[in-house]
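Input: a single structure, listed below in structure tokens.
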Amino acid sequence: MARLVAFDMDGTLLMPDHHLGEKTLSTLARLRERDITLTFATGRHALEMQHILGALSLDAYLITGNGTRVHSLEGELLHRDDLPADVAELVLYQQWDTRASMHIFNDDGWFTGKESPALLQVFVYSGFRYQIIDVKKMPLGSVTKICFCGDHDDLTRLQIQLYEALGERAHLCFSATDCLEVLPVGCNKGAALTVRTQHLGLSLRDCMAFGDAMNDREMLGSVGSGFIMGNAMPQLRAELPHLPVIGHCRNQAVSHYLTHWLDYPHLPYSPE
């Protein structure tokens, strides 16, 4: 039986309205009763996730910023990974041929150069929001990641530009169809989960994980039991064709699967 379960948030554990469903909360409580370690592995900021865990009285480890930070149950920082200052400078100062908005993250929060009110709908659950700044005055030595949000085709073209400019100096991935992220080299949820399991004396084979986007690829591919959401990005399914696909996040599919796993561990599962 798995001893640790890792969850992506958006498109996986959260429903389309960006809330946690009651069935999901009940299932998380059942996992803790079985002494199964919970880990939330998300692109969201540590400050936001710590607020959510506190509001829900949930005990869980945190992998945030798509692996740039790992925190213990008590909020202790166990691992950090930042963009090199020269990479952050290039991405922030270059004039990219894109309509996408740019968003910068460090330990103090989420920063952007102009209002993007539509993006705040994603954070309605927590109330987390950006701070407007002059991007050119952003401290370069503490940037965890930089995101571009916009149309997928536009972001795909931007990805090519970024690859040409950065080469092997950064890791690029789509955390959603409308969000392209620039991360430190080697930084992903799978690498962060390895840090997490080593700290607990566990093997990745002891872990189960759920996800829906390309930023979940390394995590899902490295654990003993990885599951892809029915609403997942097609690219993720293509990258990991051997992994089982469960239902849609709108139906709290993670809870549906885990309830079956807890109650009928020896019977085959159907997402219907």
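Glycine is no exception: its Cβ is also placed from the backbone N, Cα and C atoms.
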Exercise for review: Given that Swiss-Prot annotates Asp8, Asp10 as binding Mg(2+), state which candidate in Asp206, Asp212 belongs to that site as well.
Suggested key: Asp212
Check your understanding: What are the non-local neighbours of Asp10 (Mg(2+) binding site), defined as same-chain residues 6+ apart in sequence with CB under 8 A from its CB?
Key -> His18, Thr42, Gly43, Arg44, Val122, Ser175, Ala176, Asp212, Ala213
**Study point:** Neighbourhood of Asp8 (Mg(2+) binding site), C-beta criterion under 8 angstroms, separation at least six
**Key:** Ala41, Thr42, Lys189, Ala209, Phe210, Gly211, Asp212, Ala213, Asn215, Asp216, Met219
Review point. Near the Cβ of Asp212 (Mg(2+) binding site), how many other Cβ atoms are there if near means within 10 Å?
Key: 27
